[in-house]
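A short worksheet on the structure shown next.
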Amino acid sequence: MYVLGIEGTAWNLSAAIVNEDDVIIERAATYTPARGGIHPREAAQHHSEHIGPLLREVIQGARDLGIKIDGVAFSQGPGLGPCLRTVATAARVLALKLNVPLVGVNHCIAHIEIGKWKTGARDPAVLYVSGGNSQVLALRRGRYRIFGETLDISVGNMLDKFARSVGLPHPGGPRIEELARNAKEYIPLPYTVKGMDFSFSGLATAAAEAARRYDLEDVCYSLQETAFAMLVEVTERAMAHAEKKEAMLVGGVGANRRLGEMLRLMCEERGARFYLPERRFMGDNGSMIAYTGLVMLKSGVSTPIESSGVRPNYRTDEVEVRWA
């Protein structure tokens with residue numbers, strides 16, 4: 001089966017075709033704001049300008065390879081409403097034109113599914129961290145249950161917020177990681193874990209204040225160590241509670257090598273396995289939407305046109321995972 005997937009929840013517009021074995025074609029066009037963070041309407045305008053040429057290129061690539069597309073998948077949510085609507089409209093038109101099933105995919109679950117596909121993880125506790133989300137999840141009773149999540153802003157949002165406050169370019173995460181490697185000391189910062197949930201807004205504020213008094217490299221290091229320790233603690237608790245012997249890191253912030261190191265060490269100490277997808281599959285990508293659409297279609301799940309409205313606040317635990 002060949003499925004075309006379209007991702008466009010925020011920054012990255014991407015389209016891909018996959019089958020059960022591999023990614024066949026993938027193309028992307030990324031929105032980069034002139035300054036500051038993401039502007040939803042500007043991002044949607046970017047997507048609307050690029051989605052036609054992007055899809056034509058992917059479809060022509062399929063024709064050149066003699067591939068017949070069996071389904072169209074799209075990111076139905078969560079995400080920025082204007083961006084989601086642009087992608088959903090294109091997906092509906094394409095599914096009708098090709099006369100193939102349409103399937104709306106939960107963006108968060110797509111990160112998990114492509115991670116499992118590409119690493120071989122079977123039943124992991126999942127730390128999902130990105131610019132818009134920070135959650136610890138595990139599959140129980142046919143749904144990806146949220147064991148812990150942010151009480152305010154995501155860890156990716158927190159890193160970008162701090163970066164802007166100290167004049168670092170967007171996206172802030174990679175630059176913070178780079179500066180942290182040259183640190184000489186740890187500066188105590190607020191560590192906020194409440195039960196199974198975490199909070200990052202106070203940490204960002206405290207780090208911005210610390211940057212006025214300490215070397216920026218030390219503040220970046222301390223910010224990373226504190227935030228990531230919070231995430232690792234909750235992931236370990238979820239593994240114990242859900243009795244999982246595997247952990248997997250997904251989402252754009254998961255590309256941070258230090259976070260991967262901390263999770264790997266925790267898993268080694270627990271005698272558990274740690275899985276980390278290739279960097280190309282950590283950020284938002286069309287392949288994850290296409291692959292999740294494929295497993296959904298093979299399990300008998302599709303989305304009627306009349307039910308294909310976008311869901312900006314689509315919760316991970318709302319989805320019945322029939323294919324797992």
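Glycine residues also receive a Cβ, built from the backbone N, Cα and C atoms like all the rest.
For the Fe cation site, Swiss-Prot gives His107, His111, Asp284; the one candidate out of Tyr128, Tyr275, Tyr291 that the record lists there too is Tyr128. Record note: Swiss-Prot gives Tyr128, Val129, Ser130, Gly131, Gly132, Asp160, Gly173, Glu177 as substrate-binding, and the candidate from Asn99, Asn106, Asn256 in that site is Asn256. Each residue in Thr9, Cys108, Ala110, Ile112, Ser130, Asn133, Val250, Gly251, Gly252, Met288 lies on the same chain as His107, His111, Tyr128, Asp284 and has a C-beta within 8 Å of the C-beta centroid of that Fe cation site, without being one of the site residues.
The subset of binding-site residues (Gly132, Gly173, Asn256) lying with their Cα within 10 Å of the Cα of Asp284 (Fe cation binding site) is empty, i.e. none. For the substrate site, whose binding residues are given in the record as Tyr128, Val129, Ser130, Gly131, Gly132, Asp160, Gly173, Glu177, Asn256, the maximum C-alpha distance rounds to 19 Å. Over all protein chains present, the Cβ of Ser130 (substrate binding site) has 24 other Cβ atoms lying within 10 Å. Calculated from their C-alpha atoms, the gap between Asn256 (substrate binding site) and Tyr128 (Fe cation binding site) amounts to 13 Å.
The Cβ of His111 (Fe cation binding site) lies under 8 Å from the Cβ of Tyr128, Ser130, Val250, Gly251, Met288, each of these being in the same chain and 6 or more residues away along the sequence.
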